[in-house]
Amino acid sequence: MRIDIITVAPELLRSPFEHSMMKRAIDKGLAEVHFHNLRDYGIGSYKKLDDMQFGGGAGMVLMIEPIAKCIEKLQAERTYDEIIYMTPDAKTLNQATANSLSLKENIIILTGHYKGVDQRVRDKYITKEISIGDYVLTGGELAAAILCDAVIRLIPGVLGDEQSALTDSFQDNLLSPPVYTRPSEYEGMKVPDILLSGNFPKIEEWRNEKAYERTQLIRPDLLDD
Ligand code: ADE
């Protein structure tokens, strides 16, 4: 999978791709990530990227020309399955979206800044808009890194233990059940007997029950879906 990220702050984005699962995916050749500095497509000698919004109001808006130039240059080189815009005014990222994006070949992620991008960018180029939650970040870079992490770990072959993605929270719209490791007793707090029993069908049943209980308590909305 190839991911092209368009940003005004590429330095904010590099580090997450140099560690852990995303690094592993890149090293294995399963994911390729390219950063494009929007400034390189800025207008005039000042490389201008933004301007005041028509109609008045605080906050600058990213102009269409630099973004159009960058996207069209990429589109001339290959076909993209999705052009995604990270913005708080969109549907929230969930596991189903991460799963479906992990099967794509080429995607562009555009990150916003300030008041966001001129609406015409969204109308002309964007095929999918994603928020990572109901709060506003300074820019879309950290949101893009989160999206990439959620997607890249699901690319077939990235996780060593394929099973572990399948049992993640949300894979079946349930939160994960509690997990324990050694010691089996710590300051009087014991690991539930069932987990030490070796009775795997019963353990599975217990985990499902706990996952359901936890979901009902913390995220009952997931059970409505
Ligand atoms: N940019 C700023 N806030 C954001 C959010 N919550 N999700 C995605 N992109 C954003």
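The backbone N, Cα and C atoms fix where each Cβ goes, glycine too.
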S-adenosyl-L-methionine site partner of Ile132, Gly133, Asp134, Tyr135, Val136, Leu137 (as recorded in TrEMBL), chosen from Gly112, Gly157: Gly112
Contacting binding-site residues, sequence order - Ile132, Asp134, Val136, Leu137 vs ligand 1, Cβ under 6 Å: Ile132, Val136, Leu137
Those residues of the chain, 6+ apart, with a Cβ under 8 Å from that of Ile132 (S-adenosyl-L-methionine binding site): Met86, Thr92, Leu93, Ala143, Ile146, Leu147
